[in-house]
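Chemist: First, the structure itself, so that you have it in front of you.
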Amino acid sequence: MKKDLLSINDMTPDQINALFVLTEKLKKNPFQPVLHHQTLAMIFEKPSLRTRATFEVGMTQLGGHALYLQPSDIKLGQRESVADVARNLERWVSIVMARTFLHSTITELAENCSVPVINALSDIEHPCQALADFFTVYEHRKNLKGIKMAFIGDGNNVCHSLMLLAAKTGASFVVACPEGYEPDEKIVNETKAIMKQNGGTLTVTCAVEEAADRADALYTDVWVSMGQESETSERKSIFQPYQINSALVKKAAPNVLVMHCLPAHRGEEITSEVMDGPHSVVFDQAENRLHIQKAIMISLLQKQNLVI
Ligand code: CP
Ligand code: NVA
């Protein structure tokens, strides 16, 4: 592992495999006090249920402590510069997790902090989510090579991390999104370059049914991400055809996994019938955030010789 986990690009396929093996072990035996006396600082510029709860519970289960710093506490970059916040935190804690608006805020934190920094969602990526999601698919399918994941909706932060992770694990990935809402071109090109070596293909299309055709996993996320609230009404009308519903599930493989990072807007990007239906693994994904993030923290702190 590198010092930080800011992007899926910070991990090699072998490191991802090793992370999944450690995650399986931790899921079987959750209480391992290997991070006794270590503290995680959690910086949030945006709201959260899963990320905060899973990092905090995870740190408790590993014998350490998590310190929640809410948006109004530190006013990152306003009350004090991002670099100075990093230079303070490194004196007190052994690891930092941050959820920010700008990806550059997380890279700035990491550059100015001697301790590991984890991206807990930025405008560009959500690597912890994607790792939990592919671990969920791995639990159900055992093999990720050659599977097809179809992402229906906005080419956003979650989509970017999933695309890159599909490439690293040898899976194929299709994004079905409205014109103008495609994933970032640089990340598309990076994904394609990794796929050239690892196998798998990336397709970006407007055709929802074609994307879902025989997919092993159907994935969606909110149409309006945090920070895009002013675009809500426009997005709600543009994204209308990009919904995971029963008709779309029928196009996919018979044992398709229906996935969502949550929070879900039932009746918008996913119907309740599908979210509560037999194909849905959305709460397994939420549970796996806990297990994978414990493995991430252990792996990063192992490099710093801080694991007992
Ligand atoms: N999926 C996810 O990151 O959820 P929260 O925004 O609740 O943390
Ligand atoms: N794309 C969503 C993910 C929430 C977990 C957002 O950024 O708000």
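Cβ from N, Cα, C; glycine included.
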Chemist: Asp221, Ser225, Met226 bind L-ornithine in TrEMBL, but which of Asn157, Asn189, Asn288 does that record place at the same site?
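Modeler: L-ornithine site check in TrEMBL: besides Asp221, Ser225, Met226, the record includes Asn157 out of Asn157, Asn189, Asn288.
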Chemist: Looking at the carbamoyl phosphate binding annotation from TrEMBL, with Arg99, His126, Pro127, Cys128, Gln129, Cys261, Leu262 already listed, which candidate in Arg214, Arg289 is the matching residue?
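Modeler: Looking through Arg214, Arg289, the residue TrEMBL assigns to the carbamoyl phosphate site is Arg289.
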Chemist: Between Asn157 (L-ornithine binding site) and His126 (carbamoyl phosphate binding site), how far is it from one CA atom to the other, in Å?
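Modeler: Between the Cα atoms of Asn157 (L-ornithine binding site) and His126 (carbamoyl phosphate binding site), the distance comes to 6 Å.
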Chemist: For the binding-site residues Pro127, Cys128, Asp221, Ser225, Cys261, Leu262, which sit with their CB under 6 angstroms from an atom of ligand 2?
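Modeler: Result: Asp221, Ser225, Cys261.
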Chemist: Quick test of your reading of the structure: among the binding-site residues Asp221, Cys261, Leu262, Arg289, whose CB sits under 6 A from ligand 1?
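Modeler: Checking each Cβ against ligand 1, the ones under 6 Å are Cys261, Leu262.
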Chemist: I need the least crowded one of these binding-site residues (Gln129, Asn157, Ser225), counting other C-beta atoms within 10 angstroms of each C-beta.
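Modeler: Least crowded of the binding-site residues Gln129, Asn157, Ser225, by Cβ count within 10 Å, is Ser225.
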Chemist: Select the closest residue to Leu262 (carbamoyl phosphate binding site) from the following binding-site residues, measuring between CA atoms: Asp221, Ser225, Met226.
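Modeler: Closest by Cα distance to Leu262 (carbamoyl phosphate binding site) among the binding-site residues Asp221, Ser225, Met226: Asp221.
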Chemist: In sequence order, which residues at least six apart in the same chain have a CB under 8 Å from the CB of Arg99 (carbamoyl phosphate binding site)?
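Modeler: The answer is Ile43, Phe44, Glu45, Lys46, Ser48, Thr51, Ala120, Leu121, Ser122.
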Chemist: When you measure from the Cβ of Cys128 (carbamoyl phosphate binding site), how many other Cβ atoms are you left with inside 10 Å?
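Modeler: Taking every protein chain into account, the count is 24.
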